[in-house]
Amino acid sequence: MMSTALLVMGAIALLFGGLLGYAALRFRVESDPLVEQIDEILPQTQCGQCGYPGCRPYAEAIANGDEINKCPPGGEATVRKLADLMGVEAKPLDADAQSSIKKVAFIREDECIGCTKCIQACPVDAIVGATRQMHTVIADECTGCDLCVEPCPVDCIDMIPVAETAERWKWDLQSIPIRHIETN
Amino acid sequence: MQTLFEKIAAGQLWRFPGGIHPPTRKAELSKKPIATMPLPERLFLPLRQHIGVAGTCLVRKGDYVLKGQPLTVADSSMSVPVHAPTSGLILAVTDHTSPHPSALPEPTIVLEPDGLDEWREREPLDYQQCSTQQLLERIQGAGIAGMGGAGFPTHLKSASTRQIDYIIINGVECEPYISADDALMQEHASTIVQGIEILSHLLTPKAVIIAIEDDKQSAFHAMQAAVDDRQHWFVRAVPTKYPSGGEKQLIQLLTGQEVPAGRRPMDIGIMMFNVGTSFAIAQAVLDDIPLISRIVTLAGQTLQQTQNVLAPLGTTVSDLLYFCGFQPEPQQRVIMGGPMMGFTLPDLSVPIIKTSNCILAPTQQELPAAANEMDCIRCTACAEACPASLLPQQLLWFSKAKDQDKLSEYNLFDCIECGACAYVCPSEIPLVQYYRIAKSEIREQQREALKAEQAKARFEARKARLEAEKLERQQRNERLAAERAAKQNMDSSNAVAAALTRVQNRQQQAPDDVATINAEREHQKPQAGTQQSLTAEQPANTPQASEQDPRKAAIAAALARAKAKKQQQDTADTPEAPKAADTTAPEPEPATDPRKAAIAAALARAKAKKQQQDTADTAAPKAADTTAPESEPATDPRKAAIAAALARAKAKKQQQDTADTAAAPSAADTTAPEPDPAADPRKAAIAAAVARAKARKLKESESE
């Protein structure tokens, strides 16, 4: 009796084990979905301020238990979302509180010597130019990571705030100025 | 059962949910005739006066323009031009406060009228004879954008490829005070009807419905008279209720159909135009008058004459107000648009544009400024008033909490910002403002998300590219290393054999070459003779020179030929060769000279730069100054030039070596330099390749 029970149980265990093994192969997930989710949240500036070479490596590091507060471009909002996703407490940003004003790189073109160093530094290929030719930043593609500022040998790259346009303008009750209209 | 068309034809009206009945305050305004604004001193014409993109500016400071002349050109379908409202001088194209709640400066053309009001040439069209394309181009070229307030380019709407069942002409004008359309319908009903005919011609609808609120009796009658007995044209008086003039609300009111969330009326076969737009279309097509003026309602108790004014676009609000006898109160508020949906102007220098229908300058008593906002008491008055059947109180909570998932779940983007909820709110909460903030934040986040996605794609593409490049470089290096090893092996074993074959080749070619050499000599002789005659005063030198010359000339000729061969790949003609020999004979030295000089100069410059860097206070600061700008940008070119020069020098040396070695075995006779062409180009090519490889290596190491 005992042996039949053992055999039956053993057979069932083998069957399910086989099924699970098959399922693991058949429905294999290519990459870690958690990393994907974290990568979605990160702002994709690829600036490396977290200490990792890009957003995805940082996403992998977070998935492996690194701190979630190392992304200054993402700001508090990103930290909050990461905290939600990872089920941990939201922390204040690790780096010094950076201004949240969006900036883009700007090359002072008469000073550019065409050394291509900034082109090599740009993580998103947002700088165009060729050796000994003037370079310029495609402002729409620039993520404002300021990785190009450091390598420039003639310091001709500035980070300038993105100009506010009427389309991007946010209604702000507080900021509507109340002005006196002169009476004459 | 009746069809929809029959119901509409029978005059049935439906109703939309919500709505409010604020005091209209139009009775007095609608009785007055339209006043014409005299030309102001300056006109400010923003490049963009509609929804879409601005056209490219065509004029510059100092240009003289005629009335109706286009000032910008539409370079995309989402853009319409702006025109000069009168003739005059362009004073500037500069940034000026925009007629937008943000009041951010936008590019604006400043025009000083010359008072002549001189027209450009006009070409009226007969729309019956015109192609659709021609009509649409005219409508776009006249700068027509929806004049009801949104400012959507009209040519895009008129170019619908979908079958349109109904055209609705919106003359409802439901917002308090505003009576610009009312005045237009009273005075220009027939022109409006002509405009509608052009639209029907373009869109071929089943029926045209003209909707007018029932408190505008004279406008209603004027339109009815103008429409006359056209078939399937219905003039409908709709009950006075705010916001029945909203696009989706009016469609529901007239046809009982609802435009699905996130869709446009076109998707259900309906197209709506404002009466002002159809008036502008008629003017543009039939009289070739582009959109250069519009009727603006000037209302409010601080004005002595509240009236509708026909004003050129670009007139500043202050000009308009003072034209109507403006007597501002302290802290006077001036509102652009109506009291429900308008915005307070921060500055009266703002111009009126294609979409400005009303300027309101109320007294404090007439339209009190927003009082203190209190907490929501959940009375649901707002939900009852909402014409879009939303839950404003819920949206308020979610807007305050910035809960964007919930906001989209509660269809924030279906809010038409009519302000009915804020009007009925007993706690005086400016609900619409909260929704506007939330909407702009959501839009901004969508933009950011899109940008992040693009940045990620670009980053990944770059990573892939770098990896591919690295792999390629590695493979190339390996291949080159293998080649080098193979070549070394071959060189050591086959050198002798190669030398033998070379000699054999040369001997085979010798007979041919003798003939060419003879020809060469024949050529050289007369030339030498002329030379001798020319240099008669130096007879002692000439024999020496002629002794040395042939040999040198021959070597040089060989070099020149090799060069020529390399460059052109065609065999140098025999008559050409001696000539080249003559001309190039003295060349090698001067050729090396400039090169050497260039290197020397580069070195000198580098030294100068070093000195300059080392000691800022050199004896000649002026010299340092002059060299600085030169050397700075030239850092790279100089390096490259030196490298190239070195490579070239090496190549030359090799070439000369080979030429010498080739010349050595057959130095006895003068045919020596001639047999080389076969051997030379090959060697030269190898040398050149080596030089190129070196140069490339140099470049690579530089870039790394």
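Every residue, even glycine, has its Cβ placed from backbone N, Cα and C.
Annotations in TrEMBL come from automatic prediction, not curation.
A coil conformation is recorded for A:Cys47 ([4Fe-4S] cluster 1 binding site) in the three-state DSSP classification, outside any helix or strand. A C-beta separation below 8 Å, combined with a sequence spacing of at least six in one chain, links A:Cys47 ([4Fe-4S] cluster 1 binding site) to A:Pro73, A:Pro123, A:Thr143, A:Gly144, A:Cys145, A:Asp146, A:Leu147. What TrEMBL records for A:Cys47, A:Cys50, A:Cys55, A:Cys71 is [4Fe-4S] cluster 1 binding site.
Counting every protein chain shown, 20 other Cβ atoms lie within 10 Å of the Cβ of A:Cys152 ([4Fe-4S] cluster 2 binding site). According to TrEMBL, the [4Fe-4S] cluster 2 binding site annotation covers A:Cys112, A:Cys115, A:Cys118, A:Cys152.
Taken from TrEMBL, the feature [4Fe-4S] cluster 3 binding site applies to A:Cys122, A:Cys142, A:Cys145, A:Cys148. Secondary structure from DSSP puts A:Cys145 ([4Fe-4S] cluster 3 binding site) in coil. Of all Cβ atoms in the shown protein chains, 26 besides its own fall within 10 Å of the Cβ of A:Cys145 ([4Fe-4S] cluster 3 binding site).
According to TrEMBL, the feature domain '4Fe-4S' maps to A:30-88. Within the model, the domain '4Fe-4S' (A:30-88) carries an average pLDDT of 84.
Annotation source TrEMBL lists domain '4Fe-4S ferredoxin-type' at A:103-132 (among others). Among residues of the same chain six or more beyond the domain '4Fe-4S ferredoxin-type' (A:103-132), those with a C-beta under 8 A of the stretch's C-beta atoms are 46-48, 54, 138-139, 141-154, 156-162.
For A:133-162 (among others), the entry in TrEMBL reads domain '4Fe-4S ferredoxin-type'.
Residues or ranges marked as region 'Hydrophobic' in TrEMBL: A:1-24.
Chain B comes close to A:Cys115, taken from the binding-site residues A:Cys47, A:Cys115, A:Cys145 by a C-beta to C-beta distance under 8 angstroms. Counting same-chain residues at least six beyond the ends of the domain '4Fe-4S ferredoxin-type' (A:133-162), those with a Cβ under 8 angstroms from any Cβ of the stretch are 43-49, 73, 101-109, 111-127. A distance of 16 Å separates the Cα atom of A:Cys152 ([4Fe-4S] cluster 2 binding site) from that of A:Cys142 ([4Fe-4S] cluster 3 binding site).
A 10 Å radius around the C-alpha of A:Cys148 ([4Fe-4S] cluster 3 binding site) takes in these binding-site residues out of A:Cys50, A:Cys55, A:Cys71, A:Cys112, A:Cys118, in sequence order: A:Cys118. Using the Cβ center of A:Cys47, A:Cys50, A:Cys55, A:Cys71 for [4Fe-4S] cluster 1, the list of other same-chain residues with Cβ within 8 Å runs, in sequence order, A:Leu42, A:Pro43, A:Thr45, A:Gln46, A:Gly48, A:Gln49, A:Tyr52, A:Gly54, A:Tyr58, A:Lys70, A:Pro72, A:Pro73, A:Gly74. According to DSSP, the domain '4Fe-4S ferredoxin-type' (A:103-132) comprises 5 helix, 7 strand, 18 coil.
Other than the site residues A:Cys112, A:Cys115, A:Cys118, A:Cys152, same-chain residues with C-beta atoms no more than 8 angstroms from the centre of those residues' C-beta atoms, the [4Fe-4S] cluster 2 site, are A:Ile107, A:Ile113, A:Gly114, A:Thr116, A:Lys117, A:Ile119, A:His135, A:Cys148, A:Pro151, A:Pro153, A:Val154, A:Cys156, A:Ile157.
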